[in-house]
Amino acid sequence: MPSKNVVIIGAGVAGLTTELLLSERSGYRIIVAAKHMPGDYDIEYASPWAGANYMPVSVSGTQAAEWDKKTWARLLDLALNRPEAGIHIQGASFLVQILLYHGCLLIIRKECEIYSRSQDKGSATADWFSELLAPNPWFKEIIPNFRSIPKDKLSPGVDAGTGFTSVCINTALYLPWLVSECLKNGFRFTRADFKHVLDARSVGDQLGDSIDLIVNCTGLMASRLGGVEDKSVVPVRGQIVVVRNDAGEMVGISGTDDGGDEVCYVMTRAAGGGTVLGGSYQKGNWDSQVDPSLAVRIMKRAVELCPSLTGGKGIGHLDIIRHGVGLRPIREGGTRVEKERIGNTWVVHNYGAGGAGYQSSFGCAQDAVDLVKEALHTTAKL
Ligand code: FAD
């Protein structure tokens with residue numbers, strides 16, 4: 001059967017993971033066309049701003065939980081076997097087991113911990129984190145070393161806490177690694193800024209043939225792309241500070257005393273990627289500019305939650321690499337992984353992952369790839 005020509009719009013984690021999984025199947029010639037590519041930092045491009053870690057917020061029994069479940073196995077495999085992808089394991093006891101197994105020396109990082117305060121109940125951030133904060137979340141079955149933290153080990157003001165092994169992704173390494181894997185498999189990349197989703201058919205020229213199917217991985221901009229214009233996708237603004245200090249641990253908490261749309265988390269990226277201090281969860285806010293007073297609050301909260309960052313000293317001892325703002329592409333009803341016939345062209349959508357684009361990436365991409373196959377099979381019969 002002749003190869004099918006597929007264009008993927010978008011080079012964020014959704015587009016690149018979909019491309020990676022398509023590249024593992026034969027029968028496709030693929031080109032990724034995107035306004036922004038790895039290496040760019042822009043308010044319309046969420047992926048570089050993410051921490052990014054694996055802390056599932058999906059609710060038990062949902063499609064989103066299935067996507068997260070499938071993704072864990074792939075991320076863990078990359079962390080263990082592909083160090084060049086820029087993912088490390090956050091969890092000492094799990095690493096000790098691996099160390100003993102491989103008989104080699106790795107850097108040991110503490111388990112990931114998440115804390116809960118009763119006073120945050122009902123806030124936007126505590127609602128967002130409700131499964132993550134639960135004493136018996138669905139993911140305890142798949143993540144190593146899940147445990148409740150004894151009350152006497154919790155800081156004052158914290159009512160409950162759990163710990164588990166996780167991973168942290170250095171997005172500055174991981175996104176280019178995904179590109180490299182796809183280049184190695186013979187796929188192409190081009191810059192483009194489409195007004196309408198069907199304009200993507202124009203890149204068929206670069207493959208010397210017409211396009212059989214379009215995959216739409218435009219994230220937040222799916223809200224503005226002609227032919228899609230999905231108004232249920234909205235930004236949730238996340239402001240961060242990236243520092244050189246290494247916390248040695250990955251921590252988060254259900255809320256802050258500074259308002260329901262501010263959050264506090266600390267995660268150190270793999271391979272010298274710095275430590276990301278977050279943050280905010282400001283729904284409907286498109287502002288790309290750093291708010292300096294929010295930046296100070298983020299740093300104060302981070303050193304309080306995680307004194308090891310500065311050896312118990314104040315924010316003056318944080319060594320800042322950069323401040324940043326990214327917009328999580330959140331969609332009412334969850335990520336859209338669907339196929340749709342637009343005009344006489346099949347479009348497979350994979351957008352709207354909100355604050356979970358990395359931790360659900362392989363699950364969503366796998367379903368998108370299945371839909372590509374299904375749609376092209378249908379076309380063959382038309
Ligand atoms: P994007 O990365 O935004 O990519 C969209 C792509 O589409 C870009 O290449 C863009 O140029 C292209 N595009 C858009 N419109 C057009 C057009 N018209 N023509 C051509 N190209 C177009 N997730 C986690 O799993 N774990 C975390 O710890 C985490 N932390 C986060 C922290 C912050 C501060 C933020 C902002 C996000 C965080 N996320 C996290 C969420 C994650 O970053 C997103 O879910 C994910 O990056 C979305 O990826 P995407 O590929 O769908 O969209």
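Here the Cβ of each residue, glycine as well, is placed from N, Cα and C on the backbone.
Because TrEMBL annotations are produced automatically, they should be read as predictions rather than curated entries.
Listed in TrEMBL for this protein:
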| type | residues | note |
| --- | --- | --- |
| BINDING | V197, T218 | FAD binding site |
| BINDING | G355 | D-dopa binding site |
| DOMAIN | 6-371 | domain 'FAD dependent oxidoreductase' |
Hey, does DSSP put T218 (FAD binding site) in a helix, a strand, or just coil?
coil
Near V197 (FAD binding site), how many other Cβ atoms are within 10 Å of its Cβ?
23
What is the pLDDT of the domain 'FAD dependent oxidoreductase' (6-371) when averaged and given as a whole number?
94
Could you state the CA-to-CA distance between T218 (FAD binding site) and G355 (D-dopa binding site) to the nearest Å?
15
Integer Å distance between the CA atoms belonging to the residue listed as 'D-dopa binding site' and V197 (FAD binding site)
24
Those residues of the chain, 6+ apart, with a Cβ under 8 Å from that of the residue listed as 'D-dopa binding site':
V57, W128, V236, G238, Y281, R328, I330
Among all protein chains shown, how many Cβ atoms are found within 10 Å of the Cβ of T218 (FAD binding site), not counting that one?
28
